[in-house]
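Taken verbatim from TrEMBL:
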type	residues	note
REGION	1-74	region 'Disordered'
COMPBIAS	18-29	compositional bias 'Polar residues'
COMPBIAS	30-45	compositional bias 'Basic and acidic residues'
COMPBIAS	46-65	compositional bias 'Low complexity'
DOMAIN	72-99	domain 'C2H2-type'
DOMAIN	100-127	domain 'C2H2-type'
DOMAIN	128-155	domain 'C2H2-type'
DOMAIN	156-183	domain 'C2H2-type'
DOMAIN	184-211	domain 'C2H2-type'
DOMAIN	212-239	domain 'C2H2-type'
DOMAIN	240-267	domain 'C2H2-type'
DOMAIN	268-295	domain 'C2H2-type'
DOMAIN	296-323	domain 'C2H2-type'
DOMAIN	325-352	domain 'C2H2-type'
Amino acid sequence: MTVTSKNEEEEETGYLGSVSQTHLKASNGSKDERALINTRERPDSPSDSGKSPSGESAESGPETPKATGGHHHCSHCGKSFTKLGNLNRHERTHTREKPFQCSQCGKSFNELGYLLIHKRIHSGEKPYHCSKCGMTFTWLGSLKTHERIHTGENPFQCSHCGKNFTQLGNLNRHKRTHTGEKPYHCSQCGKDFRGLMSLKQHERTHTGDEPYHCSHCGKSFRGLMSLKQHERTHTGEKPYQCTICGKRFTLLKSMKLHGRIHTGEKPYQCSQCGKNFRGLVNLKQHERTHPQEKPYQCSLCGKSFTKLEGLTRHERTHTGGDKTYHCSLCGKRFNWLRHLNKHERIHRRRRHTTALIVE
C-alpha cells in the first residue's frame, strides 16, 4: 500500500528546510537534495558566558552591532551570520520578499533552491525511488513518508482520539477537526479553511487559475493532487492496496472507505437521528431525508432555499441576471463566476494544446 492524501501537495512541499546558496546547483538526486536542505549556515549568537562569537566580552563591545570579524547582523532582529548570503536569505523572512519566480506558473519563492525543486512539478521529474515497491516521488520528503507505510511507522498521535499519523502536518490538520479551528481565510469570499493548501486551491476558483497540466491530454487542474489522480486514468495505476484483502485502488480515500468494510468503522454520525455511516457521502445523502428549514422563498415561483445566496442565484434565472462576469479574451458574459471560470478553461486548454503541437 502506498501513501498519499488529499493534502499531498501540502505534505510534499512542507518538509524542506532553508537552502544554502552554495548548494543551489545540487538540485537533482537524493544526496543533492539533502545538500540543498541541510547545509544552511546557522546564525551565530553570543555564548552563555556572555562573550561574543569573537571571544570579546559583550559588555565591552559597542552598543550597535557591526559586521566585524566577518560577522553580519540582521537590522530587524540582531541575529548574526558569518556569510552575507546567509544574512540576505534570513532578512527575507522579515521582508517576505520572494525574488525567484517560476516561469511556467508564476509561483514565487524566497530561495532559488525551492524554485528548482518546485520545477519538478512541471517537468514530471521523480528522482526518488522506493526500494521496496519501486514507486517514484518528486520530493525526498514524500519518499520518507511513503516508506513509513512499509515499516508501519505512525509516530504522530492525536491526544484527543489516539489516531496516529505518518506526518506532523497531518496530525496538526487533524487536530483542527476536534477544535473546529479554521485559521486560513479567503480574502474574496470570507470562507475559512483548516489547511493552507485547501485555501490556495479554493482561491483558484475565484481567479480561474489552473497551473497544472496533464502531459497526456493537456487538461488543466487547480491542484496538483487533482492532476495526479487524473493522470492515473491514462496510466491505469492503482497504487493503494488493501492490506486485508489485496484489492487495489486509484485513490487513497477509496481504499480507506473500503477498509471500513473490514473494520466495521462508521465514523460519520447524523446529528439529527444518531445513525452512523462509513462515508461522508453516505451521511450527506441520509441527511437529505430529514426535513430542512428553508426560510428564503422566491417571490416569483415560491421555491425555497436554506441559504440567502441560494435564493439570490436562483432569482437570476427569472430576471436573466446582470451577467456581471465577462471573459477578458472574447468578451462573452455570464451570470455566475463558475460559468466564467469553466468558459475560460476552454481558452487555456486551447492555448496549451497549441503549445504542445508547436513543441
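Placement of Cβ uses the backbone N, Cα and C atoms for every residue, glycine included.
Beyond the domain 'C2H2-type' (184-211), the same-chain residues lying 6 or more positions past its ends with a Cβ under 8 Å from any Cβ of the stretch are 7, 9-10, 104-107, 173, 176-177, 220-223, 337-338, 340-341, 344-345, 348.
Between the domain 'C2H2-type' (325-352) and the domain 'C2H2-type' (212-239) there are 3 or more Cβ pairs closer than 8 Å, counting only residues 6 or more apart in sequence, so the two stretches are in contact.
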